[in-house]
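Enquirer: I am attaching a structure below and will ask some questions about it afterwards.
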Amino acid sequence: MIDVNNFHYMKIGLASPEKIRSWSFGEVKKPETINYRTLKPEKDGLFCERIFGPTKDWECSCGKYKRVRYKGMVCDRCGVEVTKSKVRRERMGHIELAAPVSHIWYFKGIPSRMGLLLDMSPRALEEVIYFASYVVVDPGPTGLEKKTLLSEAEFRDYYDKYPGQFVAKMGAEGIKDLLEEIDLDEELKLLRDELESATGQRLTRAIKRLEVVESFRNSGNKPSWMILDVLPIIPPEIRPMAQLDGGRFATSDLNDLYRRVINRNNRLKRLLDLGAPGIIVQNEKRMLQEAVDALIDNGRRGRPVTGPGNRPLKSLSHMLKGKQGRFRQNLLGKRVDYSGRSVIAVGPSLKMYQCGLPKEMALELFKPFVMKELVQREIATNIKNAKSKIERMDDEVWDVLEEVIREHPVLLNRAPTLHRLGIQAFEPTLVEGRAIRLHPLVTTAYNADFDGDQMAVHVPLSKEAQAEARMLMLAAQNILNPKDGKPVVTPSQDMVLGNYYLTLERKDAVNTGAIFNNTNEVLKAYANGFVHLHTRIGVHASSFNNPTFTEEQNKKILATSVGKIIFNEIIPDSFAYINEPTQENLERKTPNRNFIDPTTLGEGGLKEYFENEELIEPFNKKFLGNIIAEVFNRFSITDTSMMLDRMKDLGFKFSSKAGITVGVADIVVLPDKQQILDEHEKLVDRITKQFNRGLITEEERYNAVVEIWTDAKDQIQGELMQSLDKTNPIFMMSDSGARGNASNFTQLAGMRGLMAAPSGKIIELPITSSFREGLTVLEYFISTHGARKGLADTALKTADSGYLTRRLVDVAQDVIVREEDCGTDRGLLVSDIKEGTEMIEPFIERIEGRYSKETIRHPETDEIIIRPDELITPEIAKKITDAGIEQMYIRSAFTCNARHGVCEKCYGKNLATGEKVEVGEAVGTIAAQSIGEPGTQLTMRTFHTGGVAGSDITQGLPRIQEIFEARNPKGQAVITEIEGVVEDIKLAKDRQQEIVVKGANETRSYLASGTSRIIVEIGQPVQRGEVLTEGSIEPKNYLSVAGLNATESYLLKEVQK
């Protein structure tokens, strides 16, 4: 037997009958398993000790020989070899079949290998193998062709005419004879000749046959081995039988399947010995064939064999197949050593690169390291002693543990791991309790929250693994999201709220307009309660020593607030002083308007100046993200992660000080809500009257009503937001981006608005109450549809999205950066991606980080901005767009010439690091994960364009699947194949609409269904490939009409939506 742990590769192929017999340790002749009284295996049965080895170590069946000293002896009474019982995992048996049987994989698989080799259809094969027809093996003088099928009656006729002069057989025997006659070399020659002359269907078939014939010839397997004469039986330990508590037995399904084969085989042998009538023998042979089929692949043909409770039995193929099969479950999905899992809790005091490990868990995970260290330090005398010390948890163990885990990173993983940020490395610190502590800023990357989520810990053992974890996977290194290059570690919730509150300004704050010499004075004044965080003050600009201030600015007073001074202490020194949430302040310097010349102040001093000035907006979540991105671009990763930690601490500190909470009193109801509702109610009445008088259709009435109520909700929302106090806690939460949005607030204080029915159609009766007032029973009932659909969708979506990701990774995993430059002369023309007026992805974002394909000059000054094959940095991208250029050719993976994968220049920069991409980077997998990861957030619903109107247009996750599978989309759009002018739009028969396009040389008309919305007008010029109706374009048509580049761009745009 091969050594399980020591082999280089595995070859899978056909086994000859001799090979099967050589594996076997004996023939299984009886279907019995074990004796129910003695509980010993039956002799010659499926668990026989003589064939498969002893059930107890070093002991024969009858008990004559016990002990190791008889190793290798064969007992003369029971015939069992004295050896280890482990051999029952590797010794195989066999069954000598009384009639040849076809192997279902080779006959039923797609394409049927047997069918291709014999040039017979799978249908014909099935008729022969399952004893419905005869096949001619040797035609003799009959004038029949070899491989012709004959029915029972036809066979009789020929047999009467030509007795004993021709051979026709039924069942696998006939097929075996035909397979034995095949001369592979001859067949190969004939097929090669056919390839040269054949066309169409015959050519494809010849190619497929050639593949099979060549494979057989190269592998040295004989075609006739696809028919089994001997059936191997896998070792008994792999199909175990165990006794349950009640004296019953639980057994592997394979035993049942083997039992049926043995029973039928024995019966067939007996019938043959008795010389039974042909028809009975035929029936038995067919049943044997079906039993073997069920054993190899149950359910592949006909109804599956079922066990108790109508459950299909698990055959050999099912053991290997699918997610629960041997490959994906046990070989690719092993459980690993040195790992643990626990609930996560937030660790606000941790540094970016740290995580908290519970003491008990750390001790168990690092046990061997601790034991070695204990022995080295001579705290323990030997390993055994060290082990007992650890188990007792002696005091000295903890000191050693702290030493051991220092600088030894661990990996934290949260399932589902949707992208590479689902596993990151941290340096462990020991914590009390039993929960793993997680740094609050990495929660976004893991998509984790602290409502009971669990995470797994893994310990990298080797020095290489530790180095890799530290260099590549440390959380402090993974600040950018690989899918778009934006920071993924932005503060959230409390941290955002704290920083927002800190940078807020108020008109009525205490001692507004006080002027200070330097920041230390400000902090002292704040500590003593002289000024508030929100107080607007002046500070002498020169005292900041800020390198970005101009000489002019240094002579003036900087108008700022106490909170902003505290906030700016966390920003690196050489950065501009951030006084207002604008890109200008971030990228260049603090704007001049924030500096005041003290000589120009009037009688009331700075206070009077502030009274006439507008308040500056506080810093919200988006702006904090911009600060992080800017710091990351200009400083090192270390500086960025240190600043992130300081921002986090600041946020937590001041959100605690602010004590922002939500109470019922914070929800202020709009006084003139009823008036707005009444106005819109009148509008609805008017529409209903028009409908009753037959002036408008049902569809128009429905759409108008929906529009009226949507407008009512928008109006209420607008007025609510206007009337809200800027320091209202709920407003602060939504404005800062910490939690909630305007719509949530409208539902609390204004009205809930329109709801969707289970079908997705919008119910035209709105919910006019808000949560503050309380819903009526009917309103509550209507709103439960949405909630329930939400839950059902989420469950289905997760599985679909995961499956899509899996298929995408499968396809894209070989796309690796293989070379520096493929030298292509083609490029891709890029510009803004827009849908109507809505911007999906602006031009500047599409070119940044890519390589240019052409020289770009400034249209006015004619200076060269960039040359071909140069990287477009953010600065250059800004120059290009500032120059008014709206499109350009860039290097793209679409046009890359690399034989396998892509090249560095066509790919552009690595978004996860912001550096240029290196050869060997698995960019295909990154792309697949970047599409798959947001998949879970996409909506599942088929969006109805206002219910009745228009046809359904798929959106969200199903649309993404449609694109990648190149299916014909639902709600297909009509496109024009010629360039010209829309001449006419009219009704055609069957309630269809006809659009006539007149070109220079020809006129074409297109039919659209009666419900589609036409988006062109009479007299409008259209280009080739332009869309005439709403909907999604079918990619295959578009390819033939508009060409490759247009189709690539269209698919790209659709995915980005």
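Cβ coordinates are placed from backbone N, Cα and C, and glycine is handled just like the others.
Since this is a predicted model, take the numbers as computed values, not measurements.
Feature table excerpt (Swiss-Prot):
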type: BINDING; residues: C60, C62, C75, C78; note: Zn(2+) 1 binding site
type: BINDING; residues: D449, D451, D453; note: Mg(2+) binding site
type: BINDING; residues: C822, C896, C903, C906; note: Zn(2+) 2 binding site
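Looking at the shown structure, what environment does each listed feature sit in?
Expert: Shown in sequence order, E49, P54, K66, C75, R77, C78, V80, E81, V82 are the residues of the chain, 6+ apart in sequence, with a C-beta less than 8 angstroms from the C-beta of C60 (Zn(2+) 1 binding site).
When secondary structure is read from DSSP and collapsed to three states, D449 (Mg(2+) binding site) falls in the coil class. The C-beta environment of D449 (Mg(2+) binding site), restricted to residues of the same chain at least 6 apart in sequence and closer than 8 Å, consists of T443.
Residues near C903 (Zn(2+) 2 binding site) in space but far in sequence (CB under 8 A, at least 6 apart, same chain), listed by position: V817, R818, E819, E820, D821, C822, C896, N897.
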Enquirer: Hey, of the binding-site residues listed (D451, D453), which one tops the CB count within 10 A?
Expert: D453
Enquirer: From the Cα of C906 (Zn(2+) 2 binding site) across to the Cα of D453 (Mg(2+) binding site), what is the distance in angstrom?
Expert: 41
Enquirer: Looking only at DSSP and grouping its letters into three states, which state does C903 (Zn(2+) 2 binding site) belong to?
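Expert: Assignment for C903 (Zn(2+) 2 binding site) reads strand.
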Enquirer: Under 8 Å between C-beta atoms and at least six apart in sequence, can you list the same-chain neighbours of C906 (Zn(2+) 2 binding site), or say none if there are none?
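Expert: C906 (Zn(2+) 2 binding site) has long-range Cβ partners C822, T824, Y851, R891, S892, A893, T895, C896, A898.
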Enquirer: Measure the Cβ-based neighbour count of C75 (Zn(2+) 1 binding site), defined as the other Cβ atoms within 10 Å of its Cβ.
Expert: 20
Enquirer: Within 10 Å of each Cβ, count the other Cβ atoms and name the one among the binding-site residues C62, C78, C896 with the highest count.
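Expert: Output for this query is C896.
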Enquirer: Just the number: how many Å between the Cα atoms of D451 (Mg(2+) binding site) and C62 (Zn(2+) 1 binding site)?
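Expert: D451 (Mg(2+) binding site) and C62 (Zn(2+) 1 binding site) have their Cα atoms 61 Å apart.
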Enquirer: Quick one: which residues besides C822, C896, C903, C906 have a Cβ within 8 Å of the Zn(2+) 2 site's Cβ centroid, in sequence order?
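Expert: Other same-chain residues near the Zn(2+) 2 site: E819, D821, T824, R891, A893, T895, N897, A898, V902, E904, K905, Y907.
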Enquirer: Please report the number of other Cβ atoms within 10 Å of the Cβ of C822 (Zn(2+) 2 binding site).
Expert: 18
